[in-house]
Amino acid sequence: MLASVSANVFQKKMGHRGLSPLYITLGAYLVLTLISLPLLSLLNFDALRSAFWVNIVLAASLDMAGTLLLVMSLSKTDLSVFGPLNAYKVVFSALLALIFLGEVPSWQGGTGIFIILLGSVMLFPPQNGGRNRLLELLIKRGVQLRFLSILLFSIGTLPLKNAVIIGGPLATTLFWCLFGLPLAGLAYRLFRQQSFPVVWQAHASRYPDFIGLGVLIFIMQMTTMMLLEGMLIAYALALFQLSMMLQVFLGYRLFQEQHLARRLVACTIMILGCLLVLTT
């Protein structure tokens, strides 16, 4: 949880310094690859079945796209808004279960979802004009990008959990990093404005930031895989909701973001909603 929040702070700071989300994402995956390659010698490749490869490729693809959207969202919205929106993982998970599994939320789950929505509209002060406050939230570009990233991460959690069960946390983490690099490279090549070596050379002073970001993401991913191996997805999601309070505080302290009290209250309400959904 601490590694995740710290990585978000790094990504936010790098975006503030003018680095593009594509460049930040590709640079992070490059460092992740350099960390992962020496650790491959620790794996027993004979134990990795075909189902592992299918699941890890699918999870890595979804998570790379989710990471790119996450960085884009951080460049367009406050960290103290970005963090609390993490509660929508619970909403999206319930929605996906309804669509694909036919699981209808209980009254407690439905109440929890309503409370999450209620808390989220409190993240911003009311605007003049009497517009619907939930609509005001949904039309913000940074919020839309965050929702898309949450949706991709929520879908990706399912094959990721399968990969962990089959191959274990270390193998899943290493190949999540390694398969993410070519995908990040492809995204950069398709949407780049400058070639990567030119940008990499121009921002040589930022190398320590990329190393720090890569190390934090690796720690976050490895510990997440260890959680997924021994814990139900719902409980893992509940644990990660606690980080939103810290992100609100760091947004206020590091980036001088406003509405601290309002956003802390919104977080409290959204955490309550998450707990109602996840304990049904």
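Backbone N, Cα and C atoms are what each Cβ position is placed from, and that goes for glycine too.
Please treat TrEMBL annotations as automatic predictions, because they have not gone through curation.
Since this is a predicted model, take the numbers as computed values, not measurements.
Residues or ranges marked as domain 'EamA' in TrEMBL: 5-123. Secondary structure of the domain 'EamA' (5-123) per DSSP (helix as H, G, I; strand as E, B; remaining residues coil): 98 helix, 0 strand, 21 coil.
Residues of the same chain lying 6 or more positions beyond the ends of the transmembrane segment (21-40) and with a Cβ under 8 Å from any Cβ of it are 11, 14-15, 64, 67-68, 71-72, 75, 170, 173-174, 177-178, 180-181, 184-185, 187-188, 191-192, 196, 199-200, 203, 210-211, 213-215, 217-218. Taken from TrEMBL, the feature transmembrane segment covers 21-40 (among others).
If you look up TrEMBL, you'll see 52-72 (among others) marked as transmembrane segment.
For the transmembrane segment (79-101), the residues of the chain that approach it from at least six positions outside its boundaries are 5, 8-9, 12, 73, 109, 112-113, 116-117, 119-120, 123-124, 142-143, 146-147, 150-151, 153-155, 157, 233-234, 237, 240-241, 243-252, 254-255, 257, 259-260, 263, 266-267, 270-271, 273-274, 277-278, judged by C-beta separation under 8 angstroms. Taken from TrEMBL, the feature transmembrane segment applies to 79-101 (among others).
Positions annotated as transmembrane segment by TrEMBL: 107-124 (among others). Tertiary neighbourhood of the transmembrane segment (107-124): same-chain residues 80-81, 84-85, 87-88, 90-91, 94, 133-134, 136-137, 259, 262-263, 265-270, 272-280, selected by CB-CB distance under 8 Å and a gap of 6+ residues from either end.
The transmembrane segment feature in TrEMBL is assigned to 145-167 (among others).
TrEMBL lists 173-190 (among others) with the feature transmembrane segment.
What TrEMBL records for 210-228 (among others) is transmembrane segment. For the transmembrane segment (210-228), the list of distant contacts is 3-4, 6-7, 10-11, 14, 24, 27-28, 30-32, 34-36, 157, 160-161, 164, 169-170, 172-173, 176-177, 236, 239: same-chain residues at least six beyond its ends, Cβ to Cβ under 8 Å.
Residues or ranges marked as transmembrane segment by TrEMBL: 234-255 (among others).
The transmembrane segment feature in TrEMBL is assigned to 260-278 (among others).
Ranking 52-72, 145-167, 260-278 by CB pairs under 8 A with the transmembrane segment (173-190) puts 52-72 at the top.
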